[in-house]
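Contents: one structure, followed by commentary.
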């Protein structure tokens with residue numbers, strides 16, 4: 001007996017010691033874990049990751065950036081039945097317990113003890129899931145489980161039940177980069193929460209358990225099983241819905257499919273510029289902070305720009321030969337539509353041109369083709385008219401080709417991906433706001449932004465900058481310069497003999513006519529007359545870097561490597577009266593709470609805000625290397641130009657706090673150049689632009705050697721626009737693909753939309769000018785140049801040879 005009592009005493013002692021040790025261990029663990037628990041008060045001001053939204057100036061969606069889809073909602077925006085679906089699925093006693101479901105924990109412990117499973121369901125309330133989602137990792141351990149329980153109790157003590165449920169619904173992962181119930185509803189069903197049906201609510205409630213492997217797109221069978229057998233039945237058991245409602249929902253097939261937010265304005269190159277600028281400004285996290293970025297892009301103009309570039313490149317291809325099918329696939333004679341469509345997998349649409357595979361052709365010249373969505377299209381015989389070959393001789397079964405919508409609804413035309421590229425950039429000339437930007441034919445195919453990154457030779461479209469320097473130096477539009485052969489020789493004995501494009505010479509001619517006709521030899525002689533150093537320094541006033549401009553006479557022919565955006569910026573100086581503006585794209589930035597955190601305040605061109613700068617660069621001389629500036633035969637006092645009856649553009653004075661753009665060049669030089677460039681449109685290389693029926697259209701075409709580049713830069717109304725066409729491999733565009741043929745039609749089509757209902761921009765002579773007759777032409781001349789004009793017309797001396805030789809250094 002005593003021995004038994006001794007054993008019992010020892011056993012009791014051991015049990016007491018073990019209990020104490022257990023209590024101490026548990027207490028130590030509790031202290032160790034609880035002391036390291038995060039402050040859950042942050043949940044009241046939690047910032048969930050949200051994508052960045054980019055909008056046009058008129059509020060249309062351009063792009064959404066970010067690794068996740070999330071659109072946080074308040075609990076009051078969640079329909080009651082949707083809340084019930086989640087409660088039935090995840091935590092039926094959510095509004096009853098204090099964060100811990102002890103029944104669920106007991107059930108989980110029993111399963112652990114009676115099975116060989118290491119992980120068992122049950123035991124995690126919605127509050128515990130919130131604790132895990134925000135503060136813990138996914139490690140499966142008792143230590144993490146204890147931390148989860150402790151955090152859940154703390155959360156329940158400081159947050160209301162609806163606040164906890166709101167956090168859960170906004171934080172949970174639903175697969176396919178969708179976080180939160182609102183993003184899931186939009187992605188899987190393209191609906192807002194209040195538009196969901198019961199079957200859709202139940203499907204969404206079943207996703208968080210298996211978000212990647214059990215969502216209704218990845219595995220619709222598994223998702224339906226969970227919806228029907230678990231979620232809906234649990235809702236019935238809890239009296240959230242009736243059995244009839246559940247049966248009706250179960251009868252509906254799974255119909256989820258990807259739904260991306262509807263992009264309202266296609267401007268991918270501009271959107272990428274915004275993305276890069278936001279990262280530079282706020283760091284990589286900028287894409288997940290829910291910023292709303294409003295750009296300067298005009299939705300209507302951007303869509304017009306995209307359409308114009310696509311049409312222009314399609315027409316370019318139509319002028320050249322059909323290159324054949326994009327690829328050919330051998331298909332079985334009995335292959336059905338679905339089999340044919342499967343061959344298009346991985347072939348994306350580009351620039352509005354859709355890939356199709358030829359099913360068959362008809363003797364009448366039509367072709368039946370299949371799209372990737374399994375739909376069939378009939379191409380009429382006219383679809384290949386531009387190739388000069390009927391469709392039934394051009395195509396065969398299995399050919400993969402491109403089509404795009406025709407002018408009439410339901411019509412399709414045969415196309416081919418263009419071998420050339422094009423870019424269009426359009427600015428508000430008065431403040432530099434980017435209104436439209438197209439960086440290439442297809443952002444999908446190539447993300448290289450040719451508007452801002454491609455450096456190409458502008459050719460003759462650079463000449464207005466050289467002519468501007470000459471006018472500043474003392475030339476005037478009526479100055480006579482010989483269009484005659486000339487040979488330049490450097491110190492090493494190398495010679496350069498520039499040529500006109502047509503290989504002909506017109507002899508002495510006014511520089512106005514030389515610009516209108518784009519005579520190369522006159523441009524070279526002008527530059528040689530005013531000096532390379534002077535010209536380079538002067539041209540930097542347009543925003544170019546001096547090291548971008550070649551330090552030789554070839555500069556006058558546009559051999560500098562410049563971006564289309566920089567050319568447009570330079571032309572803006574002519575369009576706005578002589579001020580240098582800075583292009584800009586981001587107008588406003590709002591945070592996730594729609595609070596304004598950034599507002600751009602660009603420098604604005606304003607002629608009435610500053611006195612006219614009539615001495616921007618060096619003083620002029622009366623004679624430059626023997627060139628006559630024109631003899632005045634009659635001088636009249638300055639008088640205003642007659643205005644027509646059309647409305648004219650008047651630029652309102654800006655707010656006093658608006659920064660002023662610096663004056664770049666003399667406004668009188670601007671007036672002369674604008675007048676000359678308007679003549680380029682009226683009677684020069686850009687007469688096609690007369691179809692716009694406006695008197696304020698001015699610009700200059702540009703082409704480079706072997707037709708590698710084609711340009712048109714010009715302005716009208718408030719906009720300055722540059723269009724470039726060329727090939728990325730610097731190969732020729734083809735015979736006679738000049739700027740007026742390849743680029744100008746794109747410019748015209750775009751500006752027809754851009755200038756609709758816009759007032760006519762004036763070009764009135766500013767103060768400090770006198771109207772006089774020079775060399776048989778009436779021109780406006782700067783007052784200080786009147787006394788410098790020669791008393792005789794320039795004539796080549798008879799003793800001079802046809803070819804003159806100059807030294808160049």
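If you go along the chain as it appears here, the first residue is 1 and each next one adds 1.
Heads up, the Cβ atoms here are built off N, Cα and C, so glycines get one too.
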Exercise. Among 630-660, 754-784, where does Swiss-Prot put the label region 'Disordered'?
Worked result: 630-660
Exercise. For which of the residue intervals 6-26, 27-47 does Swiss-Prot record transmembrane segment?
Worked result: 6-26
For this session: Counting Cβ neighbours within 10 Å across all chains shown, tell me which of the active-site residues 90, 460 comes out on top.
Result: 460
Seminar exercise, completed: One should report the C-alpha separation between residue 460 (active site, acyl-ester intermediate) and residue 90 (active site, proton donor), rounded to whole angstrom, as 71
For this session: Name the secondary structure element type, per DSSP in three states, that contains residue 90 (active site, proton donor).
Result: helix
Seminar exercise, completed: Across the region 'Transglycosylase' (52-221) the predicted model averages a pLDDT of 86
